[in-house]
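Novice: Starting off with a structure, shown below.
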Amino acid sequence: MSRGGPERSISDWSMIGSGIFSSPGVVIANTKSVGASLAVWVASGVLAWTGASSFAELGSSIPVNGGAQAYLQYSYGPLVSYLFAWTAISALKPGGNAVISLIFAEYLNRLFWHTTSSDVSPNAIPQWAIKVTAVVAVLIVSIICVATPTLGTRAAVVFTTVKIVALLSITILGLVQLARGQASTSLTEPLFMESSTSPSSYALALYSGLWAFDGWDQANYVGGEMKRPEKNIPRAIHTSMAIVMLLFLLANVSYFVVLDKNTVGLSNTVALDFGRALFGPIGGAVFAFMVAFSCFGALNGSFFTSARLIYVAGKEGYLPALFGSHNKTLKTPLNAMCLQAALTTAFIVLGGGFRSLINFAVVASWAFYFLTVLGLVILRFKEPLLERPYKTWIITPFIFCAVCLFLLCMPIIAAPLEALAVLGFVLVGIPVYYITQTAEGKDRPLIINLFSSLIARIRGRSSPGPGWQAVATGDEQVEMSEQVRTSR
């Protein structure tokens, strides 16, 4: 999300990522019916909305930068906050980059096979080809970030525009087809026919829906900079959630207007199938290019941010010094970018594919979202006199926490490997937490100081003494040239 004053601190479009062009297939594949699929999308939006509303209260009552990490620190102390930061750096950020890379790769491969064969099944592309393409994309983005440090936010405008045009085009074209009475069998058959009855299947469907809505928490990362946060944060969150939820629901209806549910369920590249069904090979190629282009832009922006975090860590002595140095020729943090590329590549190769990585990322992030919102309830009783300019209904965090518990329990059955992987990352962070504490500030492990220093550098401010600020873990656009200037 953009950072600055209240007018620019949250964008309706920042929540819209690659998920809406790839997750619908996972949702319908697990729910088995169109009606249940649409219900999951509504439930995902409502759950994200209740989380955003809870975060709005936290953001207005604890108006500091850092979002979930700041609230975890306030509610539970430094260990839980550290584990969130540790998981974000070691898993969430590179794992998220891997998901974006795989979506880009699958659209690009489908584009290639689409032009060389008249009829290729959505799931006919070999996984090795997708992974190789994703790794190549990571390498290309890394080279671009190192070689063209001024690309950053200027290119983000173009990438975001293409993404929004693609989404609006799908929505409008689908609704036009529906108005003309040319709906597919997805909408002419009973909507809830053959719906799944497995709770674990609905959990997996919700994971993909929630991945598409990811970003709802990020206005709170700049709560400390907003003017009148008690009004601007809730207003921004509720407006954005309503708009994005409506767009996502209409986009899914449009997919089902044009495509039968079996085609959608097999596809991670539903936008391509949508375009091909309407306009033939040219339509499929156009939509595939638009989505792949926007994914490439999202990957580029995320790599800027991730490499910057690693660079500052090395510069401040929290990672080996080689990661905090600039290449003498390029004047950019080559080593930091190489480490980020290596972590992302590892997730691509070992992560089990797009759908498995989404399960991993959602379980990891929503475990901490659950603790964050539960902290709101704890603070209601622990600090009843805390000033709360915005106060959500108490039922809101309870609903959020109840559904989160369901989502966090189901992986034991539905996605045990991903659940074990998340648990492993978190548990490894505990001994690292105690190892990295300094003698002078045992309540502030080095990674917290790192986040404080990073935010101070981004803002051009001196790092605060007793306090700290955190960096967002969502997709952001940061110019590497600014990094070079501010870190000298």
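Using the three backbone atoms N, Cα and C, a Cβ is placed for every residue, glycine included.
TrEMBL does not curate its annotations; it predicts them automatically.
From TrEMBL, for reference:
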TRANSMEM  83-108  transmembrane segment
TRANSMEM  128-148  transmembrane segment
TRANSMEM  155-179  transmembrane segment
TRANSMEM  237-258  transmembrane segment
TRANSMEM  278-299  transmembrane segment
TRANSMEM  334-354  transmembrane segment
TRANSMEM  360-381  transmembrane segment
TRANSMEM  393-413  transmembrane segment
TRANSMEM  419-436  transmembrane segment
REGION    462-488  region 'Disordered'
Novice: Can you tell me which parts of the same chain pack against the transmembrane segment (83-108), counting only residues 6+ beyond its ends and a CB-CB cutoff under 8 A?
Specialist: 17-18, 21-22, 68-69, 72, 125, 130-135, 137-138, 211, 268-269, 271-272, 288, 291-292, 295-296, 298-299, 302-303, 305-306, 309, 340, 343-344, 346-348, 351, 353-354, 357-358, 360-361, 364-365, 368, 422, 425-426, 428-430, 432-433, 447-448, 451, 470, 473, 475
Novice: Residues sitting near the transmembrane segment (155-179): Cβ under 8 Å, six or more positions beyond its termini, same chain?
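Specialist: Residues 13, 16-17, 20-21, 187, 247, 250-251, 253-255, 257-258, 271, 274, 278, 287, 290-291, 293-294, 296-298, 300-301, 477.
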Novice: Can you tell me which of 128-148, 237-258, 278-299, 419-436 gets the most C-beta pairs within less than 8 Å of the transmembrane segment (360-381)?
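Specialist: Against the transmembrane segment (360-381), the leading stretch is 419-436.
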Novice: Using a cut-off of under 8 Å between C-beta atoms, tell me which stretch among 128-148, 237-258, 334-354 contacts the transmembrane segment (278-299) the most.
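Specialist: Most contacts with the transmembrane segment (278-299): 128-148.
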Novice: By Cβ distance under 8 Å, which residues at least 6 away from the ends of the transmembrane segment (237-258) in the same chain are close to it?
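Specialist: Here the qualifying positions are 10-12, 15-16, 20, 24, 34, 37-38, 41-42, 45-46, 48-49, 52-53, 55-56, 167, 170-171, 173-175, 177-178, 182-184, 186-187, 212-213, 216, 219, 264, 270, 274, 277-278.
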